[in-house]
Amino acid sequence: MFPWLAYGHISPYLELAKRLTDRGFAIYICSTPINLGFIKKRITGKYSVTIKLVELHLPDTPELPPHYHTTNGLPPHLMATLKRALNGAKPELSNILKTLKPDFVIYDATQTWTAALTVAHNIPAVKFLTSSVSMLAYFCHLFMKPGIEFPFPAIYLSDFEQAKARTAAQDARADAEENDPAAERPNRDCDSIFLVKSSRAIEGKYIDYLFDLMKLKMLPVGMLVEEPVKDDQGDNSNELIQWLGTKSQRSTVLVSFGTEYFLTKEEMEEIAHGLELSEVNFIWVVRFAMGQKIRPDEALPEGFLERVGDRGRIVEGWAPQSEVLAHPSTGGFICHCGWNSVVESIEFGVPVIAMPMHLDQPLNARLVVEIGAGMEVVRDETGKFDRKEIARAIKDAMVEKTGENTRAKMLDVKGRVELKEKQELDEVAELLTQLVTETTQSSN
């Protein structure tokens with residue numbers, strides 16, 4: 001397995017690895033030492049025998065020392081540098097494939113150049129998409145049918161979001177063409193297969209549309225959410241869960257924007273005022289880019305912490321997200337709608353209060369609304385979030401009748417996903433076994 005260098009990618013790879021080893025596979029996960037350190041403590045018991053970690057060392061440069069060989073805490077201006085460094089590690093990855101001789105490779109959909117390496121070693125390979133299928137369907141449609149409206153109107157980008165998305169898409173296309181020229185891409189049967197962190201229960205029509213549009217075979221592997229476990233993060237984690245236990249059922253909202261997006265001061269102020277106006281309990285996870293010397297109280301409105309008192313908790317850097325979402329006192333989740341956060345919300349039946357920031361997040365937010373898993377905080381005409389709109393969305397989700405309806409829909413979605421998960425994983429295990437058999441037979 002070869003994931004992209006982000007915690008939000010490597011976590012689903014680990015969960016998929018666990019489910020495949022339950023079905024008789026042995027797995028190697030290849031990544032940088034700092035990323036492997038993040039998951040090492042989560043490989044326990046029987047999995048410590050069937051899941052092995054393989055270090056991939058990127059070129060070490062003054063501007064990208066080893067602790068920056070991950071997107072977690074990476075200053076945004078170094079993202080392109082990290083991508084170039086990973087591309088520069090192709091020879092080492094090739095040597096790893098030569099040494100391990102795996103039966104097949106599962107690689108990140110963003111790292112398309114991996115396929116050419118696997119061809120050189122006669123190893124079948126499939127892509128793994130850790131984002132939503134609806135997002136991929138939307139952008140593939142724009143590329144294949146420019147000027148024609150996407151056939152699913154619930155999934156759209158506002159004018160403000162389209163401008164940002166166009167720039168990101170152009171950069172991604174240029175990066176892909178530089179490191180994986182279209183003329184050099186292999187065209188094996190397995191190269192049209194995507195494993196996807198999703199379920200037909202929520203994205204079936206988008207899975208079918210991608211096959212109709214581009215003959216891409218999208219195979220769902222379920223939501224791949226780790227079971228809540230007590231994390232070894234010391235007294236702060238224990239104190240937070242104890243505090244949550246003093247609150248009434250579904251009275252508290254979790255606020256978190258993932259490991260890669262850093263809120264501006266203006267965004268933090270609007271969210272803070274929105275939480276204050278809503279009058280609900282909250283846990284707010286705040287993060288600053290690595291190296292920034294800012295205390296949370298310096299970034300928040302003056303007097304905010306004193307005014308909210310015991311109604312809220314500010315946590316810097318990390319909180320046991322799955323444990324908080326699984327807690328009966330949690331009734332809502334204000335998030336950026338990174339795909340991992342969306343599927344965790346579905347897994348634990350907690351309505352989403354969507355505040356998408358960039359990349360795939362706006363499209364994920366629209367899917368959340370479409371399937372009834374939450375509501376979106378609408379930006380103003382300038383593309384900014386407003387405190388009153390934030391407070392309104394929180395109250396709708398947590399206090400008003402709409403919140404009860406959303407919770408009921410969320411539980412229905414959760415049930416439908418759970419019904420399909422085992423069958424979907426069994427089908428994927430069967431297909432991977434078949435790929436290996438066919439490759440072995442063709443080599444003999």
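The backbone N, Cα and C atoms fix where each Cβ goes, and this holds for glycine too.
Long-range Cβ contacts of His9 (active site, proton acceptor) within its own chain (separation 6+, distance under 8 Å): Pro3, Asp108, Thr130. His9 (active site, proton acceptor) carries a helical DSSP state (H, G or I). Feature annotation from Swiss-Prot assigns active site, proton acceptor to His9.
Around Asp108 (active site, charge relay), a 10 Å sphere centred on its CB holds 21 further CB atoms from the protein chains shown. As annotated by Swiss-Prot, active site, charge relay applies to Asp108, with the evidence given as similarity to another entry.
Residues or ranges marked as anthocyanidin binding site by Swiss-Prot on the basis of similarity to another entry: His9.
Secondary structure at Thr130 (UDP-alpha-D-glucose binding site), taken from DSSP and collapsed to helix, strand or coil, is coil. Cβ contacts within 10 Å of Thr130 (UDP-alpha-D-glucose binding site), excluding its own Cβ and spanning all protein chains shown: 26. For Thr130, Ala319, Gln321, His336, Trp339, Asn340, Ser341, Glu344, Asp360, Gln361, the entry in Swiss-Prot reads UDP-alpha-D-glucose binding site, with the evidence type similarity to another entry.
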| Local backbone state of Asp108 (active site, charge relay), from DSSP in three classes | strand
| request: Among the binding-site residues Gln321, Ser341, point out the residue whose Cβ has the most other Cβ atoms within 10 Å, with all shown protein chains included in the count. | output: Ser341
| Same-chain residues six or more away whose CB lies under 8 A from the CB of Asp360 (UDP-alpha-D-glucose binding site)? | Ser131, Ser132, Met135, Gly338, Trp339
